[in-house]
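One structure is given below, represented as structure tokens, and several questions about it will come after.
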Amino acid sequence: MSSNTRATTPDNNRKRASSPIRKYLNCKPSTSSPTTTTTTTTTAKKPLSSPNDNIKPPVKKNTTPKSTTSKPTELQQSRFLYLYSRKNVKSRSSTTNDKSIASTSGASTTIVTTANSKSKEFRPPSLKRSHSAISHLDTVNESWMNSPLCSNKKTCDNNNAYDRLTPGITNMPSAQAIIKSSQTILDNTGSESYQEQIAAAIGIDTTKRILSFVPEAPYSQKININKNAPQAKLNTHTSSEVKRHILSTPEKILDAPYMDDDYYLNVLDWSKSNIVAVGLGKAIYLWNADNGTIQALNYNTDDHVASVNWSGDGSYLAVGTTSGDTQIWDVQSNTKLRSMTGQNCRIGVLSWDKHLVSSGGRDGSIFHHDVRMASHTVRQLYGHADEVCGLKWRWDGQSLASGGNDNTVNIWDARSTEPTHQKRQHTGAIKALAWCPWNHNLLATGGGRDDKKIHFWNTTTGARVNTINAGAQVTSLNWSHHYKEIASTHGLPHNQVTVWSYPSLNKVIDIPAHESRILHSALSPDGQVLATAAADENLKFWRIFEADGKARLGSESSRLTMKKEVQLRRSKTLR
């Protein structure tokens, strides 16, 4: 069998090797004649035949433009010499590795290469420049200098990418900067912050599965890992906005038989000595929250109890009757100290200010009684056209608020007999009054069945600052001393206790408290428990404003007031 070979003379080989050198080192076009190629047929030895033996490899044309640039630099010369020498060495060694058959006769040499052999030229890694940096000097080498085959590796070893004979290009400042920047990029791609940024950019939630073959579980407010995870942000919520657990069941229930179902009476109060007083028909009972004992006052009259109110220190109890008497009782000795008359009508509401007792009558009058004086009536106020059912002194004794069945709220100065402000925005009787403990100019008022609203007033300017539509008859209001909240009790149609946050006026909780409308309420001296009395003849205690670390009602050691705790510590110290 015959095969086509390509034969070249040694002289021609030298000319082919020298032509590019002159062209790129001297920057002049080559003047040598083109090499001649002859094809001979060898008969000494015939290689194994193959269907592709007659196929000639394509000959690439040299499309290098003529150079008109100046003489190349020393770095370019050394680089080109290295590449050219490596090419010649590899081309000579490839004849042996590819099982080439060479025969020499006379002055000519014949080289025969099998068709099945696949010659692979050595390609030094990382020597091909990027396309943006290729110049006319690199065009001649572009056909065989390919990129290093390191795609399966994370990085190429920049230190071993060149031969030891290559000049130290990596020591140049520009090369070092490129190497360092590439290493930094590769290092950063593995960091968590970089991955999180990529995930956020393409819209992937790293906390969820990428592939989900079942529908997502329904959202739960109670169990939310992401929501409960610790956050770096500061908590900006106030104490009134922080959700807490409030029991919707009473802590204690007492029977209250013969409770009059009358909206205009006020027969429940809680003293600073932790004693609850309640008027039931023609009797007055005292329940000691410290030890749970019950005591009945020696109230031996035919008049029904219309109102009760404790003095500031909890030592004396004022009692208003349906006949118009205002009585002062010493609960320690269970005796009546005095009875003050002057109002010939029912005394439905009482309010203490130090040694002064104010009584609101059914005729719309308000009397100030000084318990130290024989002539006890020191001032009379006439600002209502109907029964006074709400009366409350401010804690500093400078202002008095009164509400009546004439749908009017009056704000009185302690030194005046005329109201400073008179408000008629309610459309029902105003029994519920409460002064804010942390803002002495803020007053809350609640309307009756025909109004069902809670208004908040600035008593300095007389302006209404907020309003709540409670949706039910408002019977009492109590501000919290531990939270920025206010508790309201209601009659028809809900008969519930509602807690509101202030100033957002959001509803914190609704507690269905009684089977009939709530008539009265009182707050414990520690400000945690609210007592409510209703027409269903039940007296219930609700722990609504519980402070942290406080024991519950029923523990004798924890039910002591701050005053008794101080006295107990002093007695133990003296012992």
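For all residues, glycine too, the Cβ spot is worked out from N, Cα and C.
For reference, TrEMBL lists these features for the protein:
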type     : residues : note
COMPBIAS : 29-43    : compositional bias 'Low complexity'
COMPBIAS : 56-73    : compositional bias 'Low complexity'
DOMAIN   : 254-542  : domain 'CDC20/Fizzy WD40'
REGION   : 1-80     : region 'Disordered'
REGION   : 89-108   : region 'Disordered'
REPEAT   : 298-339  : repeat 'WD'
REPEAT   : 381-422  : repeat 'WD'
REPEAT   : 511-544  : repeat 'WD'
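Please situate the listed features within the shown structure.
Across the domain 'CDC20/Fizzy WD40' (254-542), mean pLDDT in this model comes to 94.
Nonlocal intrachain contacts for the repeat 'WD' (381-422), taken as residues 6+ away from its ends with a CB within less than 8 angstroms of a stretch CB, comprise 263-264, 266, 346, 348-354, 356, 358-368, 428-435, 437, 440, 443, 445, 447, 451, 455, 457, 459, 462.
For the repeat 'WD' (511-544), the number of residues in each DSSP class (helix H, G, I; strand E, B; coil) is 0 helix, 20 strand, 14 coil.
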